Amino acid sequence: MSSKTDLFKKFYTLNQIIGLILIYFVYYWIVQYRGGFSFTEPKIIFNWHPLLMTIAFLYLFANAILHYRAFPNNTKQKLKNQHALIHGCILFLIVLAGFAAFVSHQYAKPQIPHLYSLHSWLGVITIIMFLSQLISGLWCFLYPGVAAQHRETLAPYHVFFGIGIFILAVATALLGFCEKIIFALSDKYKLLPAEAVFGNILGILCVFYCILVVYMITKPEFKRKPKLEYESLLK
C-alpha cells in the first residue's frame, strides 16, 4: 500500500466519523431541544427536515463525490452505478425533507409563509443545481449512446459543480441551523443558553467537515490513477 493511499484512507475514516457525528448532533439537538419527531404534529413534523437534509446533502453527498477515490479497485461501471444509486437516495431524502417543511408550514397555527428566508432561497437553488447535475450526469455518463468526447468535455464541469453544490449545501445548512435556533430562542439567544452554544458547535463542525471533504477531493495526490479506458466523474 502506498503512503498516499494510506493517508487517504486515514482522511476518509476521519471524514466518516465526523459525518456520522454531525448526523448524531443534529438528531440530539432535535430530541433534546426541539421536541423530537412526529408524523402528525405540524410544529414537530418540521424537525424531520434538518435531519433528513443533513443525511442527504451533507453526509451522502460528500460520500458520493468521494466514492470514486474511496473505492479505486472497483470497475468503472460499478462505480458509476453506485454513484448514481447514492444520488437516488439523496433525491428520495430531499423529497421527504421538503415535504416535511411544507406540511409543517402549511398546517402551523398561525400559518408560516413558504420560502421567505435566505435559507430557503439558497435551498431551492441548491436543489435545482443538484437536479441539473443528476440529470446531466445520468444522460452523459450512464446513457450508452453519448459519445466519449462529450463525456470528456462535461467531466471537469461535472466535478466542479459537484464540489460547488456541496459547499452551497453546507452554507444553506448553516443558515438553516442558525435561523431555527434564533427564531426558537428569540431574545434568549443573545444570552447564549445551552442550545445556542450547541448550535454554534454544530455549525463549526459543519465548516470543518466541509473543509475536509473539499481538501480530499481537490488534493491531486488523492486522484485515481489514469486508466486506459475513459473514467467518469471524480477519478
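For all residues, glycine too, the Cβ spot is worked out from N, Cα and C.
What TrEMBL says about a protein is an automatic prediction, not a curated fact.
Owing to the predicted nature of the structure, the values given are computational and were not obtained by experimental measurement.
Look at TrEMBL and you will find 12-31 (among others) tagged as transmembrane segment.
What TrEMBL records for 14-218 is domain 'Cytochrome b561'.
Taken from TrEMBL, the feature transmembrane segment covers 51-71 (among others).
The annotation transmembrane segment is assigned in TrEMBL to 83-108 (among others).
The transmembrane segment annotation in TrEMBL covers 120-142 (among others). With a threshold of 8 Å between CB atoms, the same-chain residues lying at least 6 positions outside the transmembrane segment (120-142) that come near it are 53, 57, 61, 80-81, 84, 87, 90-91, 94, 98, 114, 150-151, 154, 158, 161-162, 164-165, 168-169, 171-172, 175-176, 232-233.
Tertiary neighbourhood of the transmembrane segment (154-177): same-chain residues 50, 53-54, 57-58, 61-62, 64-65, 117-119, 122-123, 125-126, 129-130, 133, 136-137, 140-141, 199, 202-203, 206-207, 209-210, 213-214, 217-218, 232-234, selected by CB-CB distance under 8 Å and a gap of 6+ residues from either end. Residues annotated as transmembrane segment in TrEMBL: 154-177 (among others).
The transmembrane segment annotation in TrEMBL covers 197-217 (among others).
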Problem set entry | Beyond the flanks of the transmembrane segment (12-31) by 6 or more, those residues with Cβ under 8 Å of it | 37, 47, 50-51, 54-55, 58-59, 62-63, 66, 70, 195, 198-199, 201-202, 205-206, 208-209, 212-213, 216
For this session: For the domain 'Cytochrome b561' (14-218), provide the mean pLDDT of the predicted model.
Result: 94
